[in-house]
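First the structure, in the form of structure tokens, and then the observations on it.
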Amino acid sequence: MLLLINVILTLWVSCANGQEVKPCDFPEIQHGGLYYKSLRRLYFPAAAGQSYSYYCDQNFVTPSGSYWDYIHCTQDGWSPTVPCLRTCSKSDVEIENGFISESSSIYILNEETQYNCKPGYATAEGNSSGSITCLQNGWSTQPICIKFCDMPVFENSRAKSNGMWFKLHDTLDYECYDGYESSYGNTTDSIVCGEDGWSHLPTCYNSSENCGPPPPISNGDTTSFPQKVYLPWSRVEYQCQSYYELQGSKYVTCSNGDWSEPPRCISMKPCEFPEIQHGHLYYENTRRPYFPVATGQSYSYYCDQNFVTPSGSYWDYIHCTQDGWLPTVPCLRTCSKSDIEIENGFISESSSIYILNKEIQYKCKPGYATADGNSSGSITCLQNGWSAQPICIKFCDMPVFENSRAKSNGMRFKLHDTLDYECYDGYEISYGNTTGSIVCGEDGWSHFPTCYNSSEKCGPPPPISNGDTTSFLLKVYVPQSRVEYQCQSYYELQGSNYVTCSNGEWSEPPRCIHPCIITEENMNKNNIQLKGKSDIKYYAKTGDTIEFMCKLGYNANTSVLSFQAVCREGIVEYPRCE
């Protein structure tokens, strides 16, 4: 019934005053809507003069600047025609080297805001200020403030104006010095101030420094059409044909009339299945049928225990390159800090695990040094573990001199340092010289800095029967020299095996005592044999006990003790059996 009354009322208003007024259909408000639109939709079309409350979506407002207002049905249709206008926020404006000159924070559709550039900067049009407009999709543009162009540096040329700074798009004319010309062969030229500075450098060139066409390369070419002439510092780029890879710089540069070294185009070989030492490809059995593969392919792999990839992980990617697989050594040995034993020193680094070819530093305690005489050193993780165990050894102190004096004033010496010394008058070293040198080694000095009186030297050591010295004999031996003796086989050395030179004479030499030779002939004469042995000939040293027993069918004719004979300097008393 209400709907019928609304229709009759609408027709009556439309025909009032004899004028036909067009009713308004339900308003489809872009970026907004009527309040209670589901209930109100039934009462449309509406007569002119009707008003309805409506709201706008987020980031949109009514023409009055509110988030809601009234929309009015007029004879020309709905008013306002655009109920919801887009808003733009001042906070969305990013301006470097400038600032917004207005105080408002929100702007509606088609509203303009002004911005100013800082001193020394200008808009893209060369002005100190500009404007942006709020459009349907936001601000028309982000404001830009760019720097002015200063007077450039001239090379073999001079400016034709006296200005010191230039606005965007300003032109600066310059002329070349006598004998020089611009890149186009002219003696004058111009540069333009752009957003990134001057269009080019105001440079003039000596024509003798120009280059001809760049050199050709096998399986490759330049990326641009070659010219007949190139100016100094011109650059030309090369590229390779398909299946070739560029090696070296892809650019050549003209300098002093010559081009720099051009690159090479290397054939890209395929890669065979990678046999990874101490590791494997993931899913290698599945992947193996797809090899060889082209350059640029990569595969994941893992390393065995105690091995890692070059990046320090247990897995990584191996890459096919024109030179083969990379990394060339996919799995590297690791070394542990705990495997290092260092006496009188300490490791100066905190890491506990090191990969192949990685160095670790160590330091020696005060008063100790490395084998090279330094306070610190390094060892390297190799395929079989650490390169060496670090060593810290003590310095050599000033030695005690005998009949001699040092030729330097130092008090301590590093490993491999040399100390020169000289003998007192009337004394000489072992080789007959009056000066000598000693070297600081790991166990101390190489020898004592001792000089001798020639009357205290000895000749060759005395010979002994059935024995000899263990070293080649010298003509002369210095005091306290020692020579070692040894006996022939089966002879027993009696006494000290060394003799010493003292006051020109050798100490008492040792003797070589004869062995006892037990023969089958002597045993047969006495009807005896060796106890527990089947030897027919036996050698015994002095002091050795030889046990005998009667042969089968014979009885002892001497005492029981005689069957345990003792060898005395080659003589033995045999027992007898009858």
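Placed from the backbone N, Cα and C atoms, the Cβ positions cover glycine too.
Per Swiss-Prot, signal peptide is recorded for 1-19, and the stated evidence type is sequence analysis.
Residues belonging to the domain 'Sushi 1' (20-85) score a mean pLDDT of 90 in the model. Sequence annotations record features per position, and here Swiss-Prot assigns domain 'Sushi 1' to 20-85 based on sequence analysis.
Look at Swiss-Prot and you will find 86-147 tagged as domain 'Sushi 2'.
Secondary structure from DSSP puts Cys88 (disulfide bond) in a beta strand. Counting every protein chain shown, the number of other Cβ atoms lying within 10 Å of the Cβ of Cys88 (disulfide bond) is 22. Taken from Swiss-Prot, the feature disulfide bond covers Cys88-Cys134 (among others), and the record attributes it to sequence analysis.
What Swiss-Prot lists as domain 'Sushi 3' is 148-206, and the listing cites sequence analysis.
For Cys149 (disulfide bond), the number of other Cβ atoms no farther than 10 Å from its own Cβ, over all displayed protein chains, is 23. In the three-state DSSP reading, Cys149 (disulfide bond) counts as strand. What Swiss-Prot lists as disulfide bond is Cys149-Cys193 (among others).
Here Swiss-Prot flags 209-267 as domain 'Sushi 4'.
Per Swiss-Prot, the feature disulfide bond maps to Cys211-Cys254 (among others). DSSP assigns Cys254 (disulfide bond) to a strand in the three-state reduction.
For Cys265 (disulfide bond), applying a Cβ distance below 8 Å and a minimum sequence separation of six or more within one chain yields Ile217, Ser218, Asn219, Gly220, Cys240, Gln241, Tyr244, Glu245, Leu246, Gln247. The annotation disulfide bond is assigned in Swiss-Prot to Cys240-Cys265 (among others) on the grounds of sequence analysis.
If you look up Swiss-Prot, you'll see 268-332 marked as domain 'Sushi 5', on the strength of sequence analysis.
Around Cys320 (disulfide bond), the same-chain residues at least 6 positions away in sequence with a Cβ under 8 Å from its Cβ are Pro270, Cys271, Val293, Ala294, Thr295, Gly296, Gln297, Ser298, Leu326. Taken residue by residue with DSSP, Cys320 (disulfide bond) is part of a strand. Look at Swiss-Prot and you will find Cys271-Cys320 (among others) tagged as disulfide bond, backed by sequence analysis.
Among the features that Swiss-Prot reports, domain 'Sushi 6' is placed at 333-394.
The disulfide bond annotation in Swiss-Prot covers Cys335-Cys381 (among others) and rests on sequence analysis. Taken residue by residue with DSSP, Cys335 (disulfide bond) is part of a strand. If you take the C-beta of Cys335 (disulfide bond) and look for same-chain residues 6 or more apart in sequence within under 8 angstroms, you find Ile353, Tyr354, Ile355, Lys358, Cys381, Leu382, Gly385, Trp386.
Residues or ranges marked as disulfide bond in Swiss-Prot (evidence: sequence analysis): Cys364-Cys392 (among others). Under the DSSP three-state reduction, Cys364 (disulfide bond) is assigned to strand.
If you look up Swiss-Prot, you'll see 395-453 marked as domain 'Sushi 7'.
Under a cutoff of 8 A between CB atoms, and with a sequence separation of 6+ in the same chain, the neighbours of Cys396 (disulfide bond) are Arg412, Phe413, Lys414, Leu415, Asp417, Cys440, Gly441, Gly444, Trp445. According to Swiss-Prot, the disulfide bond annotation covers Cys396-Cys440 (among others).
DSSP assigns Cys271 (disulfide bond) to a strand in the three-state reduction. Taking Cys193, Cys254, Cys516 as the disulfide-bonded residues under consideration, the smallest Cα distance to Cys550 (disulfide bond) is found for Cys516. Least crowded of the disulfide-bonded residues (Cys134, Cys193, Cys240, Cys451, Cys577), judged by neighbouring Cβ atoms within 10 Å of its own Cβ: Cys577. Its own atom aside, the Cβ of Cys381 (disulfide bond) has 22 Cβ atoms within 10 angstroms in the protein chains shown. In terms of DSSP helix, strand and coil, the domain 'Sushi 7' (395-453) has 0 helix, 26 strand, 33 coil. Closest to Cys501 (disulfide bond) in space, going by CA atoms and restricting to the disulfide-bonded residues Cys88, Cys364, Cys423, is Cys423. Just so you know, the Cβ of Cys423 (disulfide bond) picks up 21 other Cβ atoms within 10 Å once every protein chain is counted.
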